[in-house]
Every structure is written in structure tokens, then in C-alpha cells.
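According to Swiss-Prot, the protein has these features:
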- 5-242: domain 'ABC transporter' (DOMAIN)
- GLY41, HIS42, ASN43, GLY44, SER45, GLY46, LYS47, SER48: ATP binding site (BINDING)
Amino acid sequence: MDNIVKVNNISFEYITDEAKLKAIDNLSLDVKKGEFVAIIGHNGSGKSTLSKNLNAILMPTEGNILIDDMDTKEEERLWDIRQTAGMVFQNPDNQIVATIVEEDVAFGPENLGIEPKEIRRIVEESLKSVGMYDLRDRQPHLLSGGQKQRVAIAGIIAMRPKCIIFDEATAMLDPSGRKEVMKTIKRLNKEENITVIHITHFMEEAVEADRVVVMEKGKKILEGTPREVFSKIKMLKEIGLDVPCMTELSSLLIEEGINISSDILTVDEMVMELCQL
């Protein structure tokens, strides 16, 4: 399977009058087409800085990033790169630009010079894909947080990306809104084969990924399947990260002498395990 993202030994420094802060330190990462990768790490680990480098908002100080074989340092490819790898930010209000939902989703295709008839078809498809078509005439400020974020996702989908980067896109949402957005993310990945890079601090969201990457002090310190990564409970806690609730619970039950698996990730898995006792 081909890689859509290749991060080659990148470093990134924030430079101020007082000092240089290395936010990413010699990091490499490949993401395959159609893969769902979650990137986790506590505040200051470099994960959001990485996401902005992937979308060419920031440029690596060292190394390079290829998005579908396009180098993010090539200014003339910037528009193509951002169309290929769209980005959804933490606050949907910062990404919504129009006063009507369908007009907001149409904004990107209009700037591509697409014919109006084709734009209408794209907008309809994009809104239906995130379950927001029935609210196409609504004003965005009247929507819930989860609905706004789905409109922002529809706006990215309308650009026909091969990859979407979610930079803590659920962080400002309540549990219901997070559930809405995660359902949308999973459907886009599994049904439309859109590559997903999901930066998050919610471990239950990372469980949904094909692969989890753990960052600490700008470095990639661990990666693997969710089951492999979250089995390292002690290591994760030492760097200030939690593990999924059911993984934590299974660890506590094992300490109490209950004979269950140590790599449980979800409620359903816990129920099945306990029913076998």
C-alpha cells in the first residue's frame, strides 16, 4: 500500500527573541493511503505542531514532508497540498466563513472555479456524508458544537481530499458532539477510504484507529496498534497520559486477583470477558 504522507526526519523550532524552542525533534512517520492514525501526547508534546507541518501551515526547520509525493516546502504546490490533505481545527467557529450552512460548504469549490451546477452536487454530497443535509439552510451560529464541526468537515470533504487531518477537532465538544464527529470520521475512513490523521487527547478516540503514535518532547516514542500501545500502561502514565477506561479497569481487577485479559480496550470487550468468568 502506498504512503500518502511521508515525514522524513523533521525538526521544527519556534524562535522568539529570548530563545529557540524545539517542538519537533528528528521525527519520521509514514501514513498509508486509507489508514486511520491517531497521534496522542500531553500538552507540549509536539502533536499539534506536527499537524500544522503536515498541512504546510508551518514548515520544518530540518527534514521534509511529502504529501502524496508533493514536498510541503514547494510554494507552488501549496494549494494542491492543502486540497489533498485537508485540515479540521479545534474550534469550528474559526473555520466557518459563511452565514448559511450550504454556502459555507460551497466556499472551497467556488474558489477552485468549479461550475455552479457541479458545486451544488458536491455540496449536497458533502453535507449528506456528514448527516447535515437537512440543516443546509440553517445559520451556523444556531447549530450545536458537534453540528458545527460536521459542517467544517463537510467543507473539507467538498474539496475532495485524499487525507483529512483532525487537530483536536473534538476537544471543545461535549460527549454527544464528540460521538457525532467520531462517527463521521470513522465512516469517511471506512466507507470512502479517506486517510485520517487524528490528533487527540481522548484515549477512547485513539482506540478507534488502525495505529496509534505517541509523542513526547517532540519525538515519536511509541507506535503500534491500539492494543499494543495501551498495553504499556506504566510507560504512558510516566509521561502523563491516561489509558482507556476499560484498560485501566482491567488492570485494577487483575491486581485484585481476577483472571481477565490485560489488553481490554472497550466496554463490549470487558462485558464479554466478565461473562466468561
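Heads up, the Cβ atoms here are built off N, Cα and C, so glycines get one too.
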Cβ neighbours within 10 Å, counted over all protein chains: which one of the binding-site residues GLY41, GLY46 has the most? GLY41
Express the predicted model's confidence over the domain 'ABC transporter' (5-242) as a mean pLDDT, rounded to an integer. 93
CB contacts under 8 angstroms to LYS47 (ATP binding site), restricted to the same chain and 6+ apart in sequence, sorted by sequence, are ILE39, ILE40, GLY41, ILE199, MET215
Which one is it: of the binding-site residues ASN43, SER48, which Cβ has the fewest other Cβ atoms within 10 Å in this structure? ASN43
Can you name every residue in this chain, apart from GLY41, HIS42, ASN43, GLY44, SER45, GLY46, LYS47, SER48, with its Cβ inside 8 Å of the center of the Cβ atoms of the recorded ATP site? THR49, MET215, GLU216
CB neighbours of SER45 (ATP binding site) within 10 A? 26
Please report the number of other Cβ atoms within 10 Å of the Cβ of GLY44 (ATP binding site). 15
Which residues of the same chain, at least 6 positions away in sequence, have a Cβ lying under 8 Å from the Cβ of HIS42 (ATP binding site)? HIS201, GLU216, ILE239, GLY240, LEU241
